[in-house]
Amino acid sequence: MAQINFGGIDENVVTRDEFPLAKALEVLQDDTIAVIGYGVQGPGQALNMRDNGFNVIVGQRQGTASWDRAIKDGWVEGETLFSLEEAAERGTIVCNLLSDAGQIALWPMLRERLTPGKTLYFSHGFGITFNDQTGIIPPADVDVILVAPKGSGTSLRRLFQAGGGLNSSFAVFQDATGHAYEKAVAMGIGVGSGYLFETDFKKEVYSDLTGERGVLMGALAGIIEAQYQVLRQRGHSPSEAFNETVEELTQSLVPLVGENGMDWMFANCSVTAQRGALDWKGRFREATLPVLNELYDSVASGEEARRTIERGSTPNYRSELEAELKEVGDSELWQTGATVRRLRSKAAEKVEELG
Ligand SMILES: NC(=O)C1=CN([C@@H]2O[C@H](COP(=O)(O)OP(=O)(O)OC[C@H]3O[C@@H](n4cnc5c(N)ncnc54)[C@H](O)[C@@H]3O)[C@@H](O)[C@H]2O)C=CC1
Ligand SMILES: CC(=O)[C@](C)(O)C(=O)O
Ligand SMILES: [Mg+2]
Ligand SMILES: [Mg+2]
């Protein structure tokens, strides 16, 4: 484990150099890794581990779209693809990659199959941290570990296929065998992480729920809607409002932030833009601070978990979500986006044609 200094503060980080794949394979050579649930993280992690040479099986409900996807991805019924129950039975490392709400209903089944010495693996601190609401209390004689890729399972897979890795956090909640730590790191390497930074279950879930409700998804979507609305109400066309709110953000400026930081993105914009953005940044920070504090409180009090469980446990939770997402997709803003993207791909084809 390396101590790496982040902005002046030392943190424990595991890199692929110090814990190579060969070592991860050795640590888990006698294990059967059962990936339970084939939603978004399930495929990303299972396929990466399979390609990395681990002994992986998948558990999924039959007759679902995810089951069909698993077949398409090359998992073979009765060999590497099983019912949830059978996969949990066969796995020595049981990866609980059901939806966080779905994990509650399946917990009694899973718990029964967690015989002494097995490892229970999560990609979120949710079930364990909010165990007063989830009832997920593992037996004392199993290891309980976490590897949480910091991004979509889709990106985890794409980056892996491109030869890279997505950063993940990892944690040990319970070390029954004395090997939980090395298993967590080995799993982190196996699923295709870039570097692995150490945390605990509670910190992982508090920061993750805040991040996705905040800047990463909720705040991003909300602030985009607000600026688009202002521009439209002040007489700007849909394409102008969209380009100045989303297209330039995703195609030009955020990639520059990712490449070399905020100051680098600023430095590649006009002095006019830099002056204005530096002046307004503080206003936006102050305006959103109370909302973000309210959000963190709502995470820490368990309210966000309560709502996630309540809304995610109804029989029609998926169709309800889809209806809400469709409303977003059908809005003028995102319909404009669809048209702008079509123009973008035409432009990309043209560039290709020009060779
Ligand atoms: N989506 C992502 O990329 C990320 C997810 N995570 C975490 O990974 C875990 C899995 O998340 P996702 O892959 O998004 O899950 P998901 O929401 O796609 O669901 C995974 C699977 O659970 C099954 N499922 C849901 N409810 C069920 C029930 N009641 N009974 C049986 N099966 C049920 C679904 O059919 C699906 O195959 C969660 O803990 C999540 O917080 C962590 C990082 C990113
Ligand atoms: C992709 C990810 O890391 C999220 C946003 O936290 C999630 O999907 O839960
Ligand atoms: Mg996350
Ligand atoms: Mg999350």
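The backbone N, Cα and C atoms fix where each Cβ goes, glycine too.
These features come from TrEMBL:
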- Asp208, Glu212: Mg(2+) 1 binding site (BINDING)
- Asp208, Glu244, Glu248: Mg(2+) 2 binding site (BINDING)
- Ser270: substrate binding site (BINDING)
- 9-199: domain 'KARI N-terminal Rossmann' (DOMAIN)
- 200-347: domain 'KARI C-terminal knotted' (DOMAIN)
Among Glu244, Glu248, Ser270, the binding-site residues whose C-beta sits under 6 Å from ligand 3: none
Residue among binding-site residues Glu244, Glu248, Ser270 with Cα closest to the Cα of Asp208 (Mg(2+) 1 binding site): Glu248
Under 8 Å by Cβ from Glu212 (Mg(2+) 1 binding site), same chain, sequence gap 6 or more: Gly218
Around the Cβ of Glu248 (Mg(2+) 2 binding site), the count of other Cβ atoms that are within 10 Å: 12
Under 8 Å by Cβ from Glu244 (Mg(2+) 2 binding site), same chain, sequence gap 6 or more: Gln227, Leu231, His236
Ser270 (substrate binding site) and Glu248 (Mg(2+) 2 binding site), distance between Cα atoms, whole Å: 14
Sequence-ordered binding-site residues from Glu212, Glu244, Glu248, Ser270 with Cβ under 6 Å of an atom of ligand 4: Glu212
For the binding-site residues Asp208, Ser270, the one whose C-beta sees the most other C-beta atoms within 10 angstroms: Asp208
Distance-selected binding-site residues near ligand 2 (C-beta under 6 Å), from Asp208, Glu212, Glu244, Glu248, Ser270: Asp208, Glu212
Predicted model, mean pLDDT over the domain 'KARI C-terminal knotted' (200-347): 97
